[in-house]
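S.K.: I'd like to ask some things about the structure below.
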């Protein structure tokens, strides 16, 4: 029997002798046959490498044991050691030992973005459809995701199933009797169309179809002459939704054959297509003929071949049978032929998981677990659970809904022979309604954490199995049983179609209750049930058991065998038994399965897509996608489980519609379902398919879909109205679909499950882990079930990390259409606009108002790109004080000066939210003002107890340093006990409380303070010193107190404009000395230079010790002073955040300011303010103050020399000199696509040598550098846009970006990073600046410089803080650490050693430095090593590494991105005038007044409008470049006063008409800057 079953399970193929590292089957069988030998002797020879001599150089895959018994407690552990290249898309598959095809895996796991070349995971094997024999031999194989190459294979592993009785003969008896029709059938496919095909990052495919007829997979099916028929469609250009008009394809086939359809992308030399495969269907001809019904359109979701494939979309077509084989076949054969296909799920909708190679076909598959023959004979499943179902069954609908569900293709192929045997075993019952038969089958399970979305695979893969396991235990389910089910049972109310089946269903049967009682009270043991599994026949529903309009509420009998009952029932399909519908209200099943419904957050089981027939006439009938199952740790997700949902036939009372599990099903009647990211989100989008008349039922077929969210807008975009309608429907529903996503409500749901009356909405709320269907952006911890939508369109739900989701409050208000909320890898919520392809940190509250002006696509794009980085504040100065500070009483000019840019981003677009205003007020509170005051350290010195606390408490020092650097940190630290105690030491209890403050006492008598201004409470006493208003000039004081900051350092906040390259010395007015307003004019020395000069005095230590006697004993501080004396300004920059040094220097403020170096007069250049050290008068308004630079300027003369030398060498080596041209013809609306195609098409030599020439299509302007500059501006804003998934925002701010670990899941990502590197290189050699902001480690990576601990702060601030604390403190007996880190690999949290044997090496005070270095390396490189290598490779394809190596990271940042700060004085001083204008002309004065009134973003846009880029060179406006070298900003008197100003970007010239009034000039200039963006010829 076992061998017979084995024969039906799969036909044995000989293994490919070229398969690497694998023992041959003969050897493996001989090893297994040596039963007489001791077991360990066989194990000694087990090795995955046939070359035992040099195995160290080969990849290996091994297992912890080679005999595994199902159900045993011991885990099977798989170890890998891969010597070749690895990739995040690598996967390990479980195969039968004789399987050669990579696609025929039984289970698989994807690696994910972390993981290394060595590791291990636990693999739990459960009794299932593949292990129906006493012994089965399997192996595991490791495949490289990108190339598909087999890396390693385990030796043979024998899996024993003690539950299967050796003598089971159920299959044999029936199998021999099956007859197959040998008559050919002719059919025609027409009206073929595909919807939502996968596209490249920016390219639409050119799809075509390959169709062929192949023999059925079973070995008994013959290969005939007609096999191999192949048809090819025409190629449809540039579309993801091809329609093959007027094309028909005819085929001849046996009923046992399969039709294979593959969609491919036409090969195009002009663009790099790495994978041309777009999706595949393998449809049994029988199923196809069953589903064809007149003119109705069949719809099948496309499947994939391997877990690493990216597939989306579905295929639709009509089938017309031109000649049928049925009349010549015997009745028995016809019954078998037709009956076989009512098995749950249509093979034609292959799982997204498995698009099969051409040689593998499938037959039918059972879905949930077989039901024994005797129970079928009664018309009830043997292990029924409590059900309630009423009404007549629409058999035709059974066919359609049955075929909607797609079992997994591929891994089920090797199962198909077994299933075929099942199908043909049971004799077809005469008179049976074959179209309503429901055969039960087990469904294979897979876990795949591989996202298939091609554009936004950007989120987290955190394993949540442990929590799922806990939920199951909490609910009292044995976790092992939870796995068995495989399928989610969905109820479906079928509409009655009298014409289709009247003769096949008997209207009544009075015995359903007795039948079911009998079946339910059977308590067969687990072994009996497993033994009976193979005996399942098709389960025809006899006409004698057609359901009556009665209700049967049957309680399963509790018994000691409850566990086994659960096992089997979870495998059962809800059979349309007499009066009972298990799917509608399966209480025992429902409660048992509830916990297993919710897809673990990031597992990402790749579901088989639910194929859908669409009849456009019915807008109400929809499908929604179901939750998948949650499993205990290490378990495979039921891929098949998710894929083929059983529909129980729940018929309907008149036109009452079955309640959809979530409201969105009613909401999106037209949208083809493309949800995405179920891997990360566990969320499901609706899959609506209209079909049937308007009264038709809705069905809830729930399975996470993995298609990209390319949504067709719904007619019902008014979410609230649709929701109200859906809610009102809820009360009238006759059939309740129990949401199994329920974790909390699962147990409670059981008693009420049988109700056929209306059920309250809370049933959905309890069951729906996402909450209601409104745009739920929060997910409840522990569950992410259910479909989710935001009321407008199915969007991806928050890909949240389960541990963190509780931090985000639930948001019930729907997002506007085409918006989606997400959480980035730092736990911050951001919003994605899918229409404009932008991201924003602010929640969009309503659909945008229609534009008043009709803007061109390019200007809309420019504005969106500007918003994408949240109004990048490179000029970090706020608007004029009167605009910003008037809102707060008594705040003086300083009110908003410490606001971070985030508070004012998009100030002209959206109003501030209440929380934002509250934050604004908080940041202006007395504690913040005190901490950031320039006098803070002076006051600190005068308070000995506070000073002692400050110096002794490193945490306190760290917090104060952070707050002084960026006031936003105060919100985080404000309730810290140390900080509160410290600040209260300065409070003056005698003073009145500030206005709006009130003191209260808690129940313990402790005083606390209420700030009614910001509606906050605090223990910090607001009566702190330094609250008096100060002159405006004081606001630019703090450069010497805080660290030098840069964009790459991720530190540019509003407050950071004080911290840039030296701004202004602290005004002397803050000291009680004579004011020196003209001091800067007399000695224009940058403040840092003054400090260095002061410290370089010969007797400096004596001078310092006079005021700071402790200096003599503080060797560390003395070393720092010596370091600054030696290194100069760069050394001071490095130490600028050192609190001890800052305090020391603050004592000598006056001396430093008054100190004039003796050689200053001899070297005038020493006294000149460098470009990075602007000097402006304290009388200037804050709006005109020089803002922070992107990076602190290095020592100017040295850097300028490097830069000149660099460009000179580029010129001598012929970089970018021609004579050839690098012609780029760019369409604005296809900017990246055109740029990628053309730049990647050039050779390395062409890129280096040729002169760049950019033309925008439709704009006849010549490129005298203006279009080139704009090209780099636009391409950098698009390419580094986090929307596309290549880059992500850094941890510290909302606009600097870094390489995203999730970019590994973007199609062709290595080529895109190469392209990014080439763009960086081209910008460098052609001397253009990029409008992009990167973190410091990015520039270090470009220079191949190792990162250190300080660089980590820009990636992960808290992680850096922890390591910094560890570095600064003695960790002896405090921390219990080893040289290991935890990573998620193949869906499991695994421990990775930072060094060999690291798990056994404790971290001590002696080796902590090495530990910190290794942790920094691991954290910075985590998930981005290969991407970084690709980018660096592209960069050095354009630029010689030796040329760039002269720069450090900070200098390279300046060369690539410029300082992009606007100094109005510098701008005005370096502007030329023509046509009669001069500096004192009234129009010019108005012009500069208008520029001064502009906010920072508008100034940048003006600069971009005139010069083509909003960045300016390091040297300032004097070094602006035009078409043929340096060309200053120019304003020319030209044009009519009715016209707008005009720009000539090639010459940096603005044509400004002589407007008669300031208001007209301001309005026209603003309009020109914000509304225009094209090039033209005069």
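Glycine too: its Cβ is placed from the backbone N, Cα and C atoms.
Per Swiss-Prot, the feature phosphoserine maps to 48, 858, 915, 1181. Feature annotation from Swiss-Prot assigns region 'Disordered' to 341-453, 496-802, 1030-1075, 1167-1193. Positions annotated as compositional bias 'Polar residues' by Swiss-Prot: 386-406, 559-576, 597-614, 643-664, 688-708, 1167-1187. Residues annotated as compositional bias 'Basic and acidic residues' in Swiss-Prot: 518-532. Annotated compositional bias 'Low complexity' per Swiss-Prot: 577-593, 721-735, 746-755, 769-782, in sequence order. Taken from Swiss-Prot, the feature region 'Interaction with TP73' applies to 737-1074, supported by similarity to another entry. Look at Swiss-Prot and you will find 813-846 tagged as domain 'WW 1'. Sequence annotations record features per position, and here Swiss-Prot assigns coiled coil to 853-880 based on sequence analysis. Annotation comment: Swiss-Prot describes 991-1024 as domain 'WW 2'. The compositional bias 'Basic residues' feature in Swiss-Prot is assigned to 1037-1046. Residues or ranges marked as domain 'HECT' in Swiss-Prot (evidence: sequence analysis): 1243-1578. Residues or ranges marked as active site, glycyl thioester intermediate by Swiss-Prot: 1546.
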S.K.: Have a look around residue 1546 (active site, glycyl thioester intermediate) and count the other CB atoms within 10 A of its CB, chains all included.
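M.R.: I count 22 other Cβ atoms within 10 Å of it.
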S.K.: Helix, strand or coil for residue 1546 (active site, glycyl thioester intermediate)? Use DSSP.
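M.R.: The three-state answer is coil.
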S.K.: What does DSSP give as the helix, strand and coil breakdown of the domain 'WW 1' (813-846)?
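M.R.: Grouping H, G, I as helix and E, B as strand yields 0 helix, 13 strand, 21 coil.
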S.K.: Note the mean pLDDT of the region 'Interaction with TP73' (737-1074), expressed as a whole number.
M.R.: 59
S.K.: Using DSSP, how many residues in the domain 'WW 2' (991-1024) fall into helix, strand and coil?
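M.R.: Counting residues by DSSP class gives 0 helix, 13 strand, 21 coil.
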